[in-house]
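Since the structure comes first, as structure tokens, the remarks are kept for the end.
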Amino acid sequence: MSDLSKYRNIGIFAHVDAGKTTTTERILKLTGQIHKTGEVHDGESTTDFMEQEAERGITIQSAAVSCFWKDHRFNVIDTPGHVDFTVEVYRSLKVLDGGIGVFCGSGGVEPQSETNWRYANDSEVARIIFVNKLDRIGADFLNVVDQIKNVLGAVPLVMTLPIGREDDFVGVVDILSRQAYVWDDTGLPENYEITDIPADMVDDVEAYREELIETALEQDDDLLEAYMEGEMPTDEQVKMCIRRGTRDCSFFPTYCGSAFKNKGMQLILDAVVDYLPSPTEVDPQPLTDPETGEPTGEVATVSVDAPLKALAFKIMDDRFGALTFIRIYAGKLNKGDTILNSATGKTERIGRMVEMQADQRNELSSAQAGDIIAVVGMKNVKTGHTLCDVKHECTLEAMIFPTPVISIAVTPKDKGGSEKMGIAIGKMVAEDPSFLVHTDEETGETILKGMGELHLDIKVDILKRTYGVDLIVGAPQVAYRETITKPVEDSYTHKKQSGGSGQFGKIDYIMKPGEVGSGFKFTSSVVGGNVPKEFWPAIEKGFKGMMDTGVLAGFPVLDVEIELLDGGFHAVDSSAVAFEIAAKGAFRQSMPKAGAQLLEPIMAVDVFTPEDHVGDVIGDLNRRRGMIKDQMAGVTGSRIKADVPLSEMFGYIGHLRTMTSGRGQFSMEFAHYAPCPVNVAATVIEEVKALNAKK
């Protein structure tokens, strides 16, 4: 039985190209899990094992690896940095207890680092900070520390200082122990010596040490009071306070180094052991009502002796077969056990269990609370499903994923590809909850929906190369929505007579705008028996069913409230079907009267540009109907934040690179829906009508 206090379930988060995957490679090298470190730029990293990852030099999936350091077990997840794959970051945060935020020593706090940091804050995940790439030209550790304070609003607790800058970066000073770690030029992580602090750094180290101790001791009033009276705490007492403050996110221990040059990595591994929480030191996962999704007040207390409670957080189909990644919160899981999937009510028998080393597998006979493992061949499990003891059914808090904002139509080039594509897409949808698919019934086209251009580009590439489906790909389409802007009181009668019993249903109602994000809401204030209560659910069903297809251009409808006021029925001809049809007709009749309006998705765009191109970038965003929200000057350039309609952002990366001579970067994520300008709405509606006319 493993000691849970020696478990560390951690994620590595950062902006694209800040060095997350290289950091993971160095961790695996130092912990003895790999003997030759693979490099991202060579396409050989252990955690980037998809073809598309190796080629593009980015992480697309979150890959789980296990390793050991100083008798502690690390389960490490290397997550994507590109905003189109943020869902991977989100679901990783759901099952982690701590994290390492990696920042580039020259790039500082970049757009996606800010997004990931916000997600980690929302999940209350304890973190340490690693400022990487200090061997690069322009790297400035203390400048990045200032950005972390000013941009993220975080409190970085500086634990190490760099010795030398850029090409002359040779090592780090451990501030608490007052020791210098200096590496030689071989690039080997073990080739270092511990020496005295360089003479020209002594004063700085003492100043930072005093600040470190004062900040840490704020976690313990007695130690702080003694310190103020002149009594120095021991290093162990300071570490205890740092651990406490890190666990509750009061501050974030901050380290510097170069993962690529193997400098400073041992101190980061020590920090994971010393300061990040074990599974028993984080708030337990809440249990929810399976019907309503509301918390029950009970929690999944982390204990090996409790009944099984586990969460399936990722499905992956690789060359070995279907894998279900699960985090075990309570209990034990043995090969051959029969467990319950509380989402489906069906049981599953555990066949093979494996511990992952990226795309390598180690067979397991058992696992316990605190473990992150993969189970081979589960049939009916999806991301977010709870797996539990058959005699102790429970449901863990659900995983909520963002709604796709962009779509493309794809068709196989030959008829034989249809079945192959269907099988492939089924697997891909199971793997990625932010990737949705449906078939256009009129055209027969398959519509792929995703989080951005790169997201869908990768999916098409996987279909073509991994599954061998040759495709015709249409232009990207925006996920518009419709809504109403004013209340309308109306009446509708459905009457049909065709011999024998007919159909009759009359409803009087108010259709009015709902609160933003409220979706559909139905209430009834009918008094008396003019519309018997037994027909109310059918009326609600009819209205709600029409929310999928608006009257302007057939887009889904947002935020509508219906209040049923009165109506009429016929003793023979009225039925649930008649009233459902009446509600559908009422929706079509009243939505135009209620000021139907087209909505477009607005993206929160974060652009980095060299200073001499700021004017061009802002002017271009304005031409794209963007609203500038913020502009921040940095050492290497400026960051511009703007809200821009998605329809104006297709192909933006190429245009930005042209404007900035290849030096500009940007990220964007869905912000909200907003009314389309009249001229834009008219164009969109005409385009939809023209497209429908061709069908």
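Don't overthink the numbers, they just go from 1 along the chain as shown.
Heads up, the Cβ atoms here are built off N, Cα and C, so glycines get one too.
Small disclaimer: the values here were computed from a predicted structure and weren't measured.
Per Swiss-Prot, these features apply:
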DOMAIN    5-280  domain 'tr-type G'
BINDING   14-21, 78-82, 132-135  GTP binding site
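Of all the Cβ atoms in the protein chains shown, 25 others lie within 10 Å of the Cβ of Leu134 (GTP binding site). In this model, the domain 'tr-type G' (5-280) carries an average pLDDT of 83. Of all Cβ atoms in the protein chains displayed, 29 besides its own lie within 10 Å of the Cβ of Ala14 (GTP binding site).
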